[in-house]
Structure formats: C-alpha cells, structure tokens
C-alpha cells in the first residue's frame, strides 16, 4: 500500500511538470571555444560564451578543471545570460579547462571543454653572450635560447644590425623548432654579430636576444668532411588530419650538403612541397594515407647521412550516430546507441544530468550502448554520450521522458450512440491514453462480453463486430486499467435497415445546348433522415459557381432531382448521387455523353513551302461524339486583318483527311496557319497556330497604281505613283523601273528606283520645254527578276515660271495700318501662276529690304495689315508657281492714314428717362499728325457681355434706347479715316422697367475728362431732336 502511495505521489508530481506539452530539456545553441588571452590586452576581460534553449528557460553554472566556480563570491566573475565573463584575468588563477553546465526542470547537460590560455612573451636574459670562434669551412650552430612564452613563436636572426636579416639558403638554416641558426660551412662573409629575434604569433610582440659574435680562428681552414645531421624531425611525428605537417632536416658539412626526402616503402605525397632549400618537407591537408616512415638524406662528395622518423596521423572523434530524444512508458526498456569514428578509436562514457552514470542492476553500458531495463520515473532526465580519444572529446545529448499516467479517453472517442445498418462491419474504438499500457475489458449491458467469430477485441483494445444484426443492438462499455487508475467509456449501438438508391436515367446522350433532369430516389429506414449530394466525376458540384447550369431540386423527402440546363461539352462525365444517413451512405452513378462541335485539331505542321503554296498536316482533335465532316484552313500574315480562310487543294477538305495544300499565297510573306474542324453540330475551336513560315521569293506581279504627274520646276518631268505594299513585293531587292518617252516617239527611257518606299521620280532635261506631253509607265522588279508595268498614261513636263507681270495694280489705304492691294493678270499658256507675291517697303528704304506676303491661290487682291500709320509705302506684285517667280509689276505708291485722334470725347453728359438715355459731349479736336474727325460712335453693351451695339452720328449728341432690363455700359469715341479714336470712360446706366417717367424723375449726369470745374443749373430739360 505504501508503495502504491509513493508511485501515485510521483505520478501526480510528474503530471504537473508535464502539463505543458511544449516543455523540453536544455539544448546547447552555443558552446564555449578555446580562448587565448594576451596578458598585455587593454580590454582586461575574457568572455567564455554559452547559450542554450529549453522550456522552462535553463539556468547556467560553470566548472573550472572539474570544480564549480562560485560566481557570487568572486567579484571578478559575472554571468551575462549563459556566458562567463572574467575581469582582470590572471594566469595563475584562471588558466585551465572550462565547462558550461545548463539546467532546467528536466535535467542538466555539460558543454565541451574550453581551454583558457594566456599569451605572453618574456625578455631574453641581458647577460652578454660569448663569442663563437670557428675555422673557415667548419659548421656552426648559434643558440637562440628563447625566453618564456605562450603560445608558439616565430624565429628569425638579425646580422650585425636591425633590420638586416639572415637570408636562409642551402648553407644557412633557422629551425622553427629550436630557434637556432645553423651554418653548414662558415665563410669569411659570415663573420659578425648575430641576434635572435622572436615574435609571438598571437600578440605579435617581438624581443631581441643579446648579440652573439661569430669570429674565425687563425689556425687554418677546415678540410672537407661528410655531412652531420644537426636538425631533424622527431622519431615519431603526430599530426591531426587536415592540418599542415612540417618536418625539418639540416646538416653541417664541407662541401655544403644537399638534402633529399623520400617516403620509405611508398611515394612522396603529390601535394608535398620542399621549402628552405629542401630543408623542410611540408605536407598540407595531411590525411591518413600520408602516414608512414619518412627519410631525410644529407649528402656531399665526402659521404652521406640519413635520418628516419614515423609520421602518425590522428583524427578527432566525429559522430556517426547521435542520440535522439525518447519517450517511454514506465516499465519499458531503453536502448540508446551512439557511434563515433576517430583514430585512435574512441572510447565512450555516459553522463546523466552532467554527472557520470555508472552500471547498476537495471543499468548496463557496453561500449557505445546504454540499456536501462524496466524504466521508471527516476530514470527521466538529460543524458549525454561522450566519445573520446587522446586528442579530443565530443558530446551528444538527448532527453529521456518517462510517461506515467492513469487511463484517459480522448474526446473524439466519446461517441454515445453508434448507428449502423444490417450486415455492416463496425469498430467501437477503445484506445485509452495511459502509461503503462492498460488492460482492456468489454461489457455488453451488465455482462462481460464474450468474443466469437463475429465479435472480437482487436489488439489495441477496440471492439469489432462483423455482419451486424438486430441482436447486436445494446449498450457497450470499455474499461482500461493500469497501476495508476482506470477509466471507462460507454456507447449504445443501434442497427437499422440498409439504404438503397436508384439514379435514372442510366446513360444519356445529349447535344450541346440541350437540358436534362436526373432523378435520384432512396429507400431507407423510416426512422432516419436522408441527405442528397450530387457529384460530377467524383467531385462535389458547386451550385453557386456553375453559372446557372446546375440546379438541385428536392421534390420529396426521399428523392431529389438534378437539373442541367444549356449543357456544355465540359458537363460530360459521370454524375453521382450520394444518399447519406446517420447509419450509412450509398451512391449510384450515371454517365452523360455530350455531343458538340469538334475540339481543336492537333499540332499543325507546315511542309513543302513554295512561293504561293504550303502543305499542311495535322492530327484530328476530339470529334465530341459527332464525326468531323470537313476542315477549314486559315492563315494570318502581318498584312491581314486577323485570320482569313485560304484557298486549298482540294477545295473541300473532308473530315477523314489530315493534310491539304494552301494555295494562292503571296510570295515572300510570313504566314501562320491553323485548322478548324466542323461536324453536323457546328464548328469547333481552331487549332493552335503553326510555326511562322515565309513563302519563297518570286518575280513581282503587282505594278504600282495611280501613276500620274506632279508639279515641278522648269525642265522637270515629275512622275508619281502609289508604292506597292510589302505584301506584294514578292522578295528582297524590290524597286521600281520608271519608263517614259515624249508623246508620239518610239524609244523608252528607263530609270531604276531602288527604294521600295519611293513614290515619285524626277527627270530633268534643260531641253524639255514646259508642258511637254510624255507617255509614262512604272514597272517593278526584285532579286528574282522584272515584273509587269503599269498601264501607260500621258502626263506633261513642268510648266515654266510666269512671264507676264500683273497689270492695273491699285493700292488703297483703308486705315492707319491697312492697305488693300488689287491687280489683274494676263493669262499664259506655259506659266500658269499658283499664286501672287506682294512686296512692300517704306519710302526711305530700298526695294531689297521689302517685306513679302503670298496669296494662297489665284486671288486678285490682298489686304496688308500691321503697317505704320501716316507712312508712304511702295508696292509690287508678281506671280509665282513651282517653276519660279515671274517679273514684278510697276511699283505703286500709297500712304497709310494718319493715326486716329488720341483724345477721347470729354464732358460726356447724359439724361435718363426710363429706357431712353440722351447723351452729349464736347467735340474732339485732332492733333496735327492725327486724322480729321468724320463723326462719332456710341458703343452700347450689357454689363458682362462682350458684343457691343454701335450707333454712329455726325453730331456731338445721341439718344440711346436701352433694349432690356439690366445694367448697360456706354462709351463714346471719335471716327476718322485713320480709324476709331480713344473711347471715353465707361458709363454704367441701369435700365428700369415700368411706366412713363416724368421730367421730375429725370436726372442730369455729367462726366468730365478735363481738370476744369463745371457747374450746371438744372431748371427743366426736355430731350429734343437737336440734342
């Protein structure tokens, strides 16, 4: 009992934790990388990055060399999200291996190890170095003895003074392993001071050693001796796959030895390179196959020396198979396997929640396989598989969830009533969700269900009943039980009579445009409602999207009709009626065949193209259940208005033909063709257009139309025509042949016009008199030859320029700026005028400065405007045509009128009597250079209008009758032969409607334009004829 209570407590706790299906354990997004921190860095801060996802959000802890860091107790440590920040890092306190541990309620995972290393470069000892003295020809080694440093450094040597560096060659070599300078054979030029320079690869810091003097001894020259290998690679060289391997080998000797390399029992890798006068063998991107024994040989005339060493290539572990998150029911068995490759072969360790996992009674670890038998809630957590060899460790993580719950049923299984028909098969689902898997039992009514051949409990717990009958009706209950509890669902089964259906008619043949009604009747259990569904080719008919072609009609509860109106070809197919009840669904189908015009023929192929014909072939399209009776060929060109029917051979293309010849095409024209089929129902859609083709070239057959003459210059024959359309040019190189001859002669002159767009030709001959008749015809040609000529027409050469001057030239001054010029012209036979030109100039000017105005045709007068007033002008008139100008007439003289008076009528007075307005004003006296006053004009217009009524008078008074009700504007101006003078200021006069106005109602008004004062005494004023 206590055991059950404990399990129940764990179960309830876990259910609370797992209530949110989206929760999951930590997953690393970013793990820390190795960091090299320069001790002289200005930032004074190290950041080790770590970030993980999880729900709930994970928390973070950090380990250094396997011990947890207490971030809270040391101010130098801080956490930003998951990253560890170390302020003022110290090599003694902080260098080492770091790991990030991230945790949420589902467990913990441990990151890879990241190494924090400090970069620095110490100083050389300041102690003076002893001189090295050797004999000439002897070999020597100068020691660098570098200071303390981290990480790697680069060596170079300075000779005598910076920056004179020692150049490496076959005689001198600087080892990047020891930093020493090796001179295989010392020469007198080598005497001097040598300084070792080292550079940190991370900080780029440099330091110089104290100088080492090199001197020569006085006891003679060193004799020849065999090579002695002073620099060689280790006996065993290890390298990671993909890195670059550098192996050094250098020897002292006299003469200077030569270095050679080889791979023992194999060939040197093709990618291998020899550096520094062959003293370094470099193998980039080293692979496992590059491993083996390598030999360095130093040789000179005195002998040779050999060194051999082994290159071993290792690989870091790499995953082949990782872990996957797993969910198990309580009591099941877990088997996880992770696989990795590497050289040496990796070994495996397992962690649970960041802590090593050890074998127990239920837990077994064999190499890369973890097995846990009979899992329970305590096994849930985050697991990690570690694959490691001596060169590295990799981590794979996964979450194990243990499901433990009492049985529950999904809502979709809670069907209270199941209605079926006799003979049906029914499955009553019973699939409770539970962990561990529950035991299932069934009851019918109050009794345990007994299985039979018809009634069986399926392996997953559901109940299946075959060939149902009335005896199967009743109440069924399913109960699921496991250690955590139980649950039950109940369903009632009702067995009905099966539904039957009949759809009529069974097969229909109709023609496009006809209509039909399909009837669907159902025989069904009277206790069930029925619903009718209509389909076409298995798809539901959407009555709202069929443009009124379909209508569903339900006349009775057990029947439905489908009306199909104005049938189209697309409506052909299998029509189905489906009857649905709560117990079953049945359907029936009928086929509708629709006859209609043929479908479009297949691809049109164009073959055997000539200049006027093309042979077409096609494949027949659908006949839509009415045999094709004939075909029609259509063509389209850039010159046609859409598609046009073309003539064919044969004239009538019967429905069983699949080729024909299009004839009477135009040569050298691009055509597309299509085919249209017809049957007794009608004509169908056309085929797709064929590829565009061009007919062959041919001699042109269409001459130009409307050949005629045009006006031109003297001695010219101008021949014009309508250009031939490109449609009828029949080929490239199209042009015109212009033929002409004087009327009555025999020989033709021919001229070629090469432009296909040309519409005229001008022939010039100084000996041709004006209006000489010519016979003319225009032919055509192209690259294939000459075509026909147009019919012969007779045209005349250009007429001559006019020879006679106009006579009876008269000029009349009309105003200050207008002169009317009139003339007569003598008729000529060879120089008919097209118009006249009037030249005019002022009396003080030369005729060459004359301004010119032309008439538009054979007119006999012209009004000159825009002239200066009171000015004497000279005028001439001459005729002109296309050939040129005729002689001018004798010049005539005429003066424009003086300017009209510039002074407006003054002291304008008026009396209004109803609609009558009596006006009076003082006379206008013109200046000496102005025209005499001949009379006056009174201008009357309604306010807002532009057209004025003009009243002329010889007197200085007038009576104006206002025509209608409104406000009127009145102005007065003088009239002279020079034109109208300046108008007086406007007078606004209202017009009143009504009866007669007495004298007492009369009003005298005065408007003065002068500066003098005028006083009027009104006693009685009656309008008279004199005012």
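Cβ atoms are placed via backbone N, Cα and C, with glycine included.
When the residues 324, 624 are compared with Swiss-Prot, the one annotated as N-linked glycosylation site is 324. When the disulfide-bonded residues 100, 296, 430, 478 are ranked by how far their Cα is from the Cα of residue 520 (disulfide bond), 430 comes first.
Counted with DSSP, the domain 'Ig-like C2-type 3' (227-307) comes out as 3 helix, 48 strand, 30 coil.
Remark: secondary structure over the domain 'Ig-like C2-type 5' (407-494) totals 6 helix, 46 strand, 36 coil, with classes taken from DSSP. If you take the C-beta of residue 100 (disulfide bond) and look for same-chain residues 6 or more apart in sequence within under 8 angstroms, you find 31, 32, 48, 50, 60, 61, 62, 82, 84, 110, 111. Ranked by Cα separation from residue 478 (disulfide bond), the disulfide-bonded residues 249, 338, 577 are led by 577. Ranked by Cα separation from residue 249 (disulfide bond), the disulfide-bonded residues 196, 385, 430, 577 are led by 196. Each residue in the domain 'Ig-like C2-type 3' (227-307) has a pLDDT score, and their mean in this model is 95. Around residue 196 (disulfide bond), the C-beta neighbours below 8 angstroms that are at least 6 residues distant in the chain are 124, 142, 144, 145, 146, 155, 157, 179, 181, 208, 209, 212. A simple way to gauge crowding: the CB of residue 577 (disulfide bond) has 26 other CB atoms within 10 angstroms, across all the protein chains here.
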